[in-house]
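These notes are about the structure you will find just below.
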Amino acid sequence: MALAMGAVGFGLNGIHLPVFGETGIILGGLATLLATYCLGPWWGAATTALAFSHDWMNTGLPWGLLLYTLEAVVVGWLKHRRNWHPLTAALAFWSFLGVPLALRVLQPPGTLPFPNNWALIALYPCNSLLMALGALTLKQMSWLQPTSGQPSNRDADTPLQRVLLRRLGLIIALSTALLGLFLGRQLDLALRDLSATRLSGDGHEVARAVQDHLDRHQRVLTLLAATHEADTARAAPLDRVRLNYPGFLSLRETDASGRIVASSPASDAAPDPTHEPATLPALLGSVSRRAAPGDALVVTMRAPLPGPTGSPRGLIVGELVLDRLIEELALPAQLAHHTIVIVDRHQRVVASRGDLAWSPLEAVGPGRFTANERQPDGETFLFNLTRPQRLERYLGTRQAIPDFGWEVYLAEPVWKTQRLIARYYLAILCGAAAIAALAMLLARGLAAEITEPFLQLATTIRGLTNGHTDPAPPPVPQASRELTAIGRELQAVAIMFTRTNRRLVGAVAERDRTQAELRELLARLEEKVADRTRELDSARHAAVSANEAKSEFLASMSHELRTPLNVIVGMSELIAERHLGDLNERQSEGVRSIHESGRHLLELINDILDLSKIESGMLELNVQPMEIADLCTASLRFVQTSAHQKSITLESALTDCPPVILADERRLKQILVNLLANAVKFTPAGGRVGLRVAPQSGGHSLRFEIWDTGIGIAPENHERIFQPFQQIDSSLSRQYAGTGLGLALVRSMAQLQGGCVDVSSTLGSGSTFGVAIPLLLPPPEPATPALREASAAPMPAPRARLLIAEDNAANRAVYDAFFEDSDCEIIHAVTGVEALHLVRTHRPDLILMDINMPEMDGLEAIRRLRADSTTEHLPIIAVTAFAMSTDRVRCLEAGASAYLSKPIDLRELKRLVSRFTSSVRTNIPFEFVP
């Protein structure tokens, strides 16, 4: 609120309303005093500081800001803490603090020019009192009461007569002040315009007089040159002209070379090197001072002597005395008290009179008139003049003498005009005080006549409230028609009041009965709400239990399916690798079919689990730095075999891609493999499938596009294919096997990473699937040596000893076959207890720990191994058919070094075994590529 009012005050201070010369009313005080009255001294001071910073910035004088801010603090404190009337507080502040402080800072000579300093000293208290009247009038407005924070019945304890008297007094005082200011401003503007016009006209008069004086003497020289004969007595005409025109100090005749041939008074006839040749035209020369005779200030005037051939045969040169130029002009009487300065073309003083009596030949010009301010008429200006006693403000005008290049300056004190305005305002102040006093006396009597009938009516109404309806109220004396009508209506109201009271007693009894019924109904309603709440809680618990049961069922089914799948996939890989003997081509094809079917079933299980995790919000991303090129190569390699079987060409293109980004490599690869597998599946033999990667959206996202030349998708099916378990139609379902989960997972996983999926396809023309994810770059890290691949040549080392804790015999057989031809020594444990015993007796280099085992599960066995100081650093790979994300976290939190889910990827198993047994010899001969 204070900030808003300060801004209003700042804007109002930009409105300049001069009422006394250049001094004007400061309207911003209206907002600042209103804030002081409504919000208190400190908010008022802050509002004032903001509003009057405009005055400081414009004038460079901080005194208005200082005085008005101090006024806000003092007046606000007196009003809110001492309950002073605002006008009384303002009068006290300016009488004892404000005006003395203004005199102290503005009165010293040189601070401000007179009368501006006195006008500003008078303006501060007068402007404050005027704004106080306006602020108090605004504060009475009803619409401002919520803003001011005052209660609406602030005058409840004040007699109506005093309220009316106070408000009428404010209106009368404010109206009188505004009317006086308006008339004074009009008078001030008129007098200023009149003064400027008169001064400008006087300037023209002086300039014309100087022009005439110089023209008269120049014409004499021209006439003398035109009538002067060469063979006559040369000095006689010159003496006659000097006699008739005593303004000439001397007259000389020179020949064409500049030699003086005659002069008056008589002088040496030697050539004068200071004179110009006779070829120069007639013009006014420079102003100079002649040391002799008489130390006179003169200006040289020339006129050419005509020769027989038309060219000048010499010059008539006269020196015109300027010492008494202004007195010789015979100026009108009204110019006798004006300050006059005449300068030559070089802006040097020729003659001066008055307050600007500068020395002859002193350089002046507009630069000497400090603080020049051009007036609206364009011919006058204001400037400051330093006098011996004070700095004073002057109004000046400048007029040119065009034929000679001279100028005339006229000036008069501004106070000459403004003292009339000062007298006017003094008369207005006295008259307004007298009028206001008289008006208050009249208003007091008027208020008494208005309030007396109201007091009688209040007495009557007080009786009615006590139940007295008879006798009828007496007529109100001196009451208006409206008040008389109110008196008559009061009796009718009293009678109606009695009847209404009886009806109200009956209504209250009826209300009590209704409330009792409502309380009873509310009690029953609360019981119903409690019953509904219990039912909702039961339904919520049932839904939570069903969700938990679903999660448990999925986890259990995943475990039960993965256990046999581990044997199927593992054994098929080992048979295909010929670890269990050689195979013919038909057997190899059958084993490959078994392996692919197992992998397909595993993918189906993973898809269902992933979809369930996404729906429950439990799927978490593992964002790590990854290489885009490796991701694309691995994804294309996954579909390379199926594409080769259909003679489909695989293409890839990476455009302006960063080498490494931050993303979940596993989920991103799952998206690309799903789309590439679909592209290969739905592309006829001999077609083409491609992968394009490029940044988009100004480098803020990375877009993967998988395109094919396959069967295409109709536009109406573009959205349907992203729904779970949906395919285009039944005929395609029979021709192209699938569950319809792939694209649903692709969209969900892309959205989980902050991206999106789109499709562009036409039936029969191929399809393009686009995946856009945010492009996140990893922070730069110091280069570290790359990890050795599992297939790198091992260093000579002792034979590795592996402990395999697995309760399933089929799974143990897979392990035995896998490590059969390696350099590893295999030790088996069937339970967690047995695993702990064998670890302490055989000291293995690596443990493969199944999680779900009898007697003691793998998690407890891992915890105990980590609690033992002799085995706390032993590498342990947790192997489990539980493939939920929480299962991996549980294994790693228990202390496992790595995690593998069943069915085991034997290539990943080889990599982990080689990694954790790098100091011993393993030599696992497994290179299966499905």
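First residue shown is number 1, and so on along the chain.
Heads up, the Cβ atoms here are built off N, Cα and C, so glycines get one too.
It is 504-542, from the ranges 192-230, 348-386, 504-542, that TrEMBL records as coiled coil. Counting C-beta pairs under 8 angstroms (sequence separation of 6 or more), the transmembrane segment (24-44) fails to reach the transmembrane segment (424-447), with fewer than 3 such pairs. In sequence order, Ala805, Glu806, Asp807, Asn808, Asn811, Gly858, Val879, Thr880 make up the list of same-chain residues 6 or more apart from Asp850 (4-aspartylphosphate) whose Cβ falls under 8 Å from its Cβ. Count of Cβ pairs under 8 Å against the transmembrane segment (56-78): among 84-106, 118-138, 424-447, the largest is for 84-106.
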